[in-house]
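One structure is given here, and the rest of the page talks about it.
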Amino acid sequence: MLTIKLPQIFRVHQVPRTFWEDGIMSGYRHPKSSALDCVLSSFQMTNETVNIWTHFLPAWYFVWRFLVLSSSLELWRDPYHWPLLIYLLLVCLYPFASSCAHTFSSMSARARHVCYFCDYGALSLYSLGCAFAYGAYAMPDHWVSGVWHRYFVPAAALNSFVCTGLSCYSRFPELERPRLSKVLRTAAFVYPFLYDNIPLFCRVSRERGGPRKAAGAAQGVPAPRGDVGFSLPRAGHSHQLFHICAVLGTHFQLEAILCDARSRRAWLRGHLPVPGLPGTFGTAGLAFFGNAAIIGAFTAALPRAPSSS
């Protein structure tokens, strides 16, 4: 009979300091776990189990939503829905990347950093996906076709580079200057949140009630959860609650974006040109490879990082 031995669990002082989490005293996996051990550990209670499943399962929920909407709205064929398509792809990416990061982060100190580099990059691209959706469907009427509207998404792509670079760099002083590390990482995600939500803040403040104002308010729900989640210590279940709030917020954000895309379609198509390949998939592709290059550069610099040892 085949038996599977689950990995051993350790207390905080039994693992290197770079693996320590604020307020977490036990439940640590071996700091040099194999990939199989990491996968098996997701089926036992460790300090990462809930973090893994609260993003792994929702990732498949968003994949299902993407497949359903892809069929019903003809996302690939209708250029009007291309910004929505990009948003949905990135919505599927960020919880999956997060789940993988929490699963395989105990393979080594270097693997831990690389896993979270990829997690930060996925979050940065998700913020860009929000900008695509907001720019296409949620802009206030008086901003549509203006100069700021035309540069809203390209600027968000640049913001994603800043977000990824700053959050990746924040891991380098993590042991020697933990407060600086936390400030840098929090700022990296607060900044794109504030930028992306400027159109929503404007709509909520100017429009008088109705479904369009409600949609604008709902779209702004998920963003604060990332900034609060990163700034709070991972004591008790704060990070796990952050995962749950993130997924719920993204669900409501998606519903609000769909509401705007449907209710404003006729008006927007009369005031905006049809989205083209360079401004949608071209921009998204450049942002993806640019963020991948940033992650690669920080990965190459890891041997010189004090916290990688």
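Using the three backbone atoms N, Cα and C, a Cβ is placed for every residue, glycine included.
TrEMBL annotations: computationally assigned, not manually curated.
TrEMBL assigns the feature transmembrane segment to one of the listed ranges (151-172, 283-304), namely 151-172. Other than HIS102, HIS239, HIS243, the residues of this chain whose Cβ falls within 8 Å of the Cβ centroid of the Zn(2+) site are, in sequence order, GLU48, VAL50, ASN51, ILE52, THR54, HIS55, SER98, GLN240, PHE242.
Once Cβ contacts within 10 Å are tallied over all protein chains shown, the binding-site residues HIS102, HIS239, HIS243 are led by HIS102.
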